[in-house]
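Here's a structure for you.
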Amino acid sequence: MQRVRRRTPQDFDRVLSSMCTVPHPDAQEEAVRFLSANPGDPATYQTVAELEGEAVDLLGKIAGLDRPEGYLASGGTEANIQAVRAARNLAETDAPNIVAPESAHFSLTKAAEVLDVELRTVPVDDGYRANLDAVSAAVDADTVAVIGVAGTTEYGRVDPIPALTEIAHDAGAKMHVDASWGGFLLPFTDHEWSFADAPIDSMAIDPHKCGQAPVPAGGFLARDRETVDALAVDTPYLETTSQATLTGTRSGAGVAGALAAMEALWPAGYRASYRDQQANADYLAGEFSARGIDTVDPVLPLVAASLAPSTFEALREAGWRISRTATGELRIVCMPHVTREALASFLADLDRIRS
Ligand SMILES: Cc1ncc(COP(=O)(O)O)c(C=O)c1O
């Protein structure tokens, strides 16, 4: 029999741009055990279906929702698409639109395309948060959802969720919060972002980002059953009779890994992690400023700073995995695997390149 060649996955040492991270070891182990179970057919795969219920309950605790509805999605993209899909399906309009700040993740562009919904993006204010006047001006009778971001992809900002919710509901639209990245950090801050802070309708919150679960583990949460029911289709050939998820067959690894990570880390482990991550971001922002580099204040553990394109390229050539914002700033996400030592080593390379 031919032996399969063992490949070594890339390690995380120099990865400063990713919103994923090294999973908790117990979560990784659990994920492997459930790799082939299919929560897409819960009547057949009952054990993993039970785990999914527990995982959604825990996600609800983290997001301030007592009786959460929802499921473990493939990621924030799917959760965002599903939120728009549910809002569109529940609304009575032939020309649906959604309103989101320009800081919203590009998955909403996909959602709009796939669902044939108009995406209205509106400007952000000086603090990179949704401009409320612009949102108010953009909503109309055909708006099916307003989207706010709790932890933006480029600057880690939190939109004014309660005010956005008011605008959405006044217009008869649903309010969706994209906390895909921020959801496991924000419980330890004073920000208003959750189901407990405003009567929001749905949320994306990803265990495979700051929840330290193995990929793929996204979270789609809804306040009411109606939202999930609006997504359900009949499934004649399965033991289960209907399915609300976007994907069909799903790996049980996402469910089991997410549950294990959350059981291991909520709340003390996540709190400690948030504090370390934020301290690292504050350190990095301080070091950039001390070098005269324009830096965006890290509200959450994400640092954006102006760097000459040649310096950026030289850092990449030195092996650092870094990315840029749409306007060209260096963007560093202080995920749990990004240590103070790694940042010090990055700064040493930066100094060498700039000298
Ligand atoms: C705020 C936000 N929403 C959604 C997504 C998409 O998540 P995924 O890549 O897991 O589909 C991301 C990814 O970085 C994100 O930052």
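Each residue, glycine too, has its Cβ placed from N, Cα and C.
All annotation found in TrEMBL is predicted automatically rather than curated by experts.
Sharing the feature lines straight out of TrEMBL:
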type	residues	note
MOD_RES	Lys209	N6-(pyridoxal phosphate)lysine
Check each residue in the chain of Lys209 (N6-(pyridoxal phosphate)lysine) that is at least six apart in sequence and keep those whose C-beta is under 8 Å from its C-beta; list them in sequence order.
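Within the chain, Lys209 (N6-(pyridoxal phosphate)lysine) has Cβ neighbours under 8 Å at Met19, Cys20, Thr21, Gly76, Ser180, Trp181, Gly183, Phe184, Met335.
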Where does the residue listed as 'N6-(pyridoxal phosphate)lysine' sit in DSSP terms: helix, strand, or coil?
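SS state of the residue listed as 'N6-(pyridoxal phosphate)lysine' = coil.
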